[in-house]
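Chemist: Per TrEMBL, the feature domain 'Molybdopterin oxidoreductase N-terminal' maps to 47-88. Annotation comment: TrEMBL describes 92-560 as domain 'Molybdopterin oxidoreductase'. Look at TrEMBL and you will find 154, 364, 473, 477, 520, 550, 784 tagged as Mo-bis(molybdopterin guanine dinucleotide) binding site. As annotated by TrEMBL, domain 'Molybdopterin dinucleotide-binding' applies to 684-803.
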Ligand SMILES: Nc1nc2c(c(=O)[nH]1)N[C@H]1C(S)=C(S)[C@@H](COP(=O)(O)OP(=O)(O)OC[C@H]3O[C@@H](n4cnc5c(=O)[nH]c(N)nc54)[C@H](O)[C@@H]3O)O[C@H]1N2
Ligand SMILES: Nc1nc2c(c(=O)[nH]1)N[C@H]1C(S)=C(S)[C@@H](COP(=O)(O)OP(=O)(O)OC[C@H]3O[C@@H](n4cnc5c(=O)[nH]c(N)nc54)[C@H](O)[C@@H]3O)O[C@H]1N2
Ligand SMILES: [Mo]
């Protein structure tokens, strides 16, 4: 259950199989032409991206303008204007390349030279043959266990050109691979919440916004930055999440923010700012619960009828066994938030109908299982879970959680295919060896090691010899880069399909040039929760260089294994798109939505020709949706998915795991590094939030970088008093460092961050000063050079990106040039 990916959890795309595509040099596929579709060389093309529906203006076959197809909120999203930058980027990978030593001898490929070796341009056919040959070699020697294709990443939108699914489809049909469990986003909460609430909570529909706007008196935003994080969606952004935050602002409700950073959203909403020390929220919540208990302001009936285990949690809260009552005064010492504020906050949320919207930053921390468990317990005490506008929600900041769901057709997507393709022993192997994805360095460095995970034992593969990565940038996204770089040296072969010469592509052996989503046809839903529209993603321009669609690369590889027919099922790319559209069209027809709702949906050919989205309407039912409302109404008839059917403040399942780092009820654990620790290894707490002006590492190579960069590096936020004490001025080049590594950044001196805290967004491309030197300086400011690579706990094994101490100083050396955005092949 917890192995559900967000894509499955969000919606049942319920479709099957893959598709073929363009000939390399042809402007447009014969399949398209046969159907009478032409590439628009002068005119407008409608498409979609993570950041929303787009209108592209094409002149002479080139994109000359990119703008929102329509804008619902007034909040500007600069990502919508960058399509030209993305397609015509200087660092596009235009041809297949192989690292020189690898090409010379794939059996002795000198992995230590990754990132430093020369690149040799090869033909597409040679590259495909080489990948197929080496993959077969690895499978023969080590079996499916030797091939890692977990390949986490945000790729591009589109239901057919889903690079990761295509990779898995290819791997499934040819002998299997080792995959991963969970994700980086909600690594801790997606494993703990099913024990507590019986559901993931993080990828599920929230109490609808109209209900919140009508009923909540107070909105608490606890560790979230929705104005920023709602710039994107997993599918195509509907822009409605942002619109509802605008409405929230207009509503005049009391809004309280709890975050060490007074972030863009807090500023936008002009909210009250409470700034705890990072990773101390659980202490604050316990202090609030103590105050509620002490002042008898808690809903006894709710705790008795809808929850189990408050009685077992209470002795801990009151300090009966550890002589530490979790009083507001105790919490003040840990969190740096005054006992007075903690008490007031407790009364405010009890006395008023309150919706607590929490982001995911605080669970991407050591013991990240605790904050959302403690939050659920706090809300159980107020007794507001399942009431209109009360309780908590863990996805208002993400992909439009809370935006009412529309009634319409849902387009399917390519799948990983059937696995019973004769001799599926690999499946057993692959599932046996799949490991929590944030343990990747550990798995590479400690082959065969057994770890605890959510009550089970998991053994790492004995030898990972071959890695295939598509649509992700692990050198930038994984914690403790210097450790990861060592792990990355161990496999014999690393293949990457990429659009750009990212740090990950540069550290591969074989690089396959991928198209952007603007160079191929595709289709997508709009709005992960709202399903408000279907957007055609029509090819806008012809592929750059010899870039290929991931589909084509994997289909051609499948052919080398004799399974092409199975891979594409004899369908062209457009036929796949058509089949997914027709599936949705049938749903619409069967619900009579054309007559009843005035839905303007036509057969595929007209839809594709017309080049505009099909829109649906939300229902009254979805507009009045209350999360856990049914459960509240009747907990016997509508039990939660927990063993007791109730909210588990105390979990016997977890008790039986006997873990020292995650006990049977929520608790305050000291993180491995934090501001309150004895003998701090460094002075400041570094939070590496999600970037305002990127999607992770995507868009770092666009013109937006010029606007965000300070001293031509990633900005690091520092409190003005701290900056003064360190002799740092706004705009200075600074070095941020700890025992794990060092980076250059540009100082952003501000009042809007708590003293003692630094903020450096994740996703700046790793740019080593001297890659043959250990712990070399990253010139561009990639946050993960400084973060810690240990698991949240044995329960979830999530990453702890937001737990790290670091030092900062003005950089006195000469400023080195950035090299990461320059093309590595001087001849290209
Ligand atoms: N310190 C720190 N680290 C973090 C986090 C944090 O909060 N702090 N957050 C974590 C989280 S939640 C996440 S989700 C990860 C994100 O990490 P990633 O998902 O790896 O980040 P992206 O930059 O989106 O990488 C996507 C890559 O896919 C490529 N790409 C795009 N479209 C296509 C395509 O069609 N085909 C192919 N082959 N490639 C394509 C892009 O060029 C880009 O390089 O980072 C994690 N890392
Ligand atoms: N523009 C943009 N939007 C994105 C993304 C992106 O890269 N760019 N990434 C997308 C993805 S994949 C994901 S997973 C989501 C991530 O969504 P989140 O995980 O919610 O985003 P973060 O920026 O990591 O953290 C949100 C807030 O938590 C605060 N925070 C950090 N540590 C603590 C703490 O200990 N306590 C408290 N109270 N607050 C803390 C940070 O200061 C930040 O303001 O965003 C999505 N949206
Ligand atoms: Mo994420």
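Note: Cβ is positioned from N, Cα and C throughout, glycine not excepted.
Note that TrEMBL annotation is computational and uncurated.
Describe the structural surroundings of these features, if you would.
Modeler: Non-local neighbours of the domain 'Molybdopterin oxidoreductase N-terminal' (47-88) in the same chain are 39-41, 154, 156-158, 227, 231-240, 242-243, 245-246, 268, 499, 516-519, 524, 526, 533, 535-538, 540-542, 544, 613, 693, 695, 699, 701-704, 707; each lies 6+ residues outside the stretch with a CB under 8 Å from one of its CB atoms.
Residue 784 (Mo-bis(molybdopterin guanine dinucleotide) binding site) falls within a helix when secondary structure is assigned with DSSP. The Cβ of residue 784 (Mo-bis(molybdopterin guanine dinucleotide) binding site) lies under 8 Å from the Cβ of 476, 477, 478, 479, 480, 481, 484, 688, 762, 766, 801, each of these being in the same chain and 6 or more residues away along the sequence.
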Chemist: In the domain 'Molybdopterin oxidoreductase N-terminal' (47-88), how many residues does DSSP put in helix, strand and coil?
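Modeler: Taking the domain 'Molybdopterin oxidoreductase N-terminal' (47-88) as a whole: 9 helix, 18 strand, 15 coil.
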Chemist: Taking DSSP as the reference, which of helix, strand or coil describes residue 154 (Mo-bis(molybdopterin guanine dinucleotide) binding site)?
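Modeler: Note: residue 154 (Mo-bis(molybdopterin guanine dinucleotide) binding site) is coil by DSSP, not helix or strand.
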Chemist: If you draw a 10 Å sphere on the Cβ of residue 550 (Mo-bis(molybdopterin guanine dinucleotide) binding site), how many other Cβ atoms land inside?
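Modeler: Step by step: centre on the Cβ of residue 550 (Mo-bis(molybdopterin guanine dinucleotide) binding site), count other Cβ atoms within 10 Å, giving 27.
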Chemist: Looking only at 154, 364, 473, 477, 520, 550, 784, the residues listed as binding Mo-bis(molybdopterin guanine dinucleotide), what is the longest Cα to Cα distance in Å?
Modeler: 35
Chemist: Return the residue, from the listed binding-site residues 364, 477, 520, with the maximum count of other C-beta atoms within 10 angstroms of its C-beta.
Modeler: 364
Chemist: Around residue 473 (Mo-bis(molybdopterin guanine dinucleotide) binding site), how many other C-beta atoms are within 10 angstroms of its C-beta?
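Modeler: By my count, 25.
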Chemist: Using DSSP, how many residues in the domain 'Molybdopterin dinucleotide-binding' (684-803) fall into helix, strand and coil?
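Modeler: Reading the DSSP string over the domain 'Molybdopterin dinucleotide-binding' (684-803) gives 15 helix, 36 strand, 69 coil.
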Chemist: Roughly where does the domain 'Molybdopterin oxidoreductase N-terminal' (47-88) sit in mean pLDDT, to the nearest integer?
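Modeler: Mean pLDDT across the domain 'Molybdopterin oxidoreductase N-terminal' (47-88) comes out at 97.
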